[in-house]
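Below is one structure, written out as structure tokens; the observations come after it.
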Ligand SMILES: O=C(O)c1cc(=O)[nH]c(=O)n1[C@@H]1O[C@H](COP(=O)(O)O)[C@@H](O)[C@H]1O
């Protein structure tokens, strides 16, 4: 069960240089299933960091959260495919046409190249957002309405899954069924700091609720012993999988 749990843990490589990223990949390689490369690291290091992780034997979630006109997002998603990443994402708030364009382009390019299809994810509502955040931008519906609504839109547009808070897993499962992938950041062990995350759950609770993958960064990166922190999270996930 520990192996299954490890494959579900994604470490957020939120660092600002290539060498530090490489140190984390080597340190956590045996504890986590994927490494997430986000805007900070990709802006600093570009595709080289993705190539490095793959050369080290790791798998990559390219988290650039594309949100633009459909053609731009489709072309950017095709570039993500060419990098050989296992997962990449767009913002569901970019709308159906944008998500259809991305999903169609990636499917066509993967078929033409004989490449494995990456898991295309749509970010629903960021885990740092609340109902008040939505109201401020003119969205009157609560997070609990918006997340399943965006998840259904993403599924109908051909996305393979969503990124959402673990607090919304049950709503997404009810809206989109058991096959749709749910990747959850906003995960905090019971004794960890919340940082800027608002809609959180513990690793065990997120797995019990039905998360397919957990994204965790600072609770591991800032621990005095990051390997032990990752191992403890994996053990908590494995216990939840067993029960
Ligand atoms: O797409 C994401 O990965 C993401 C979506 C979201 O709603 N919330 C969220 O925190 N994330 C990412 O997940 C990671 C969470 O990191 P920690 O808060 O340090 O565990 C960060 O790299 C965020 O960019």
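Every residue, even glycine, has its Cβ placed from backbone N, Cα and C.
The active site, for OMPdecase activity annotation in TrEMBL covers 63, 65, 68. Per TrEMBL, active site, proton donor is recorded for 65. According to TrEMBL, the feature substrate binding site maps to 14, 36, 63-72, 127, 188, 197, 217-218. Residues annotated as domain 'Orotidine 5'-phosphate decarboxylase' in TrEMBL: 8-233.
Residues near residue 63 (active site, for OMPdecase activity) in space but far in sequence (CB under 8 A, at least 6 apart, same chain), listed by position: 12, 36, 37, 38, 39, 88, 89. Around residue 70 (substrate binding site), the same-chain residues at least 6 positions away in sequence with a Cβ under 8 Å from its Cβ are 97, 98, 100, 101, 102. Taking a Cβ distance under 6 Å to any atom of ligand 1 as the criterion, the binding-site residues 14, 70, 127, 217 reduce to 14, 127, 217. Under the three-state DSSP scheme, residue 67 (substrate binding site) falls in the coil class. Long-range C-beta contacts of residue 65 (active site, for OMPdecase activity), restricted to its own chain and to partners at least six residues apart, with a cutoff below 8 Å, comprise 39, 89, 90, 91, 123. Counting other CB atoms no more than 10 Å from each candidate's CB, the recorded positions 14, 67, 68, 127, 217 peak at 127.
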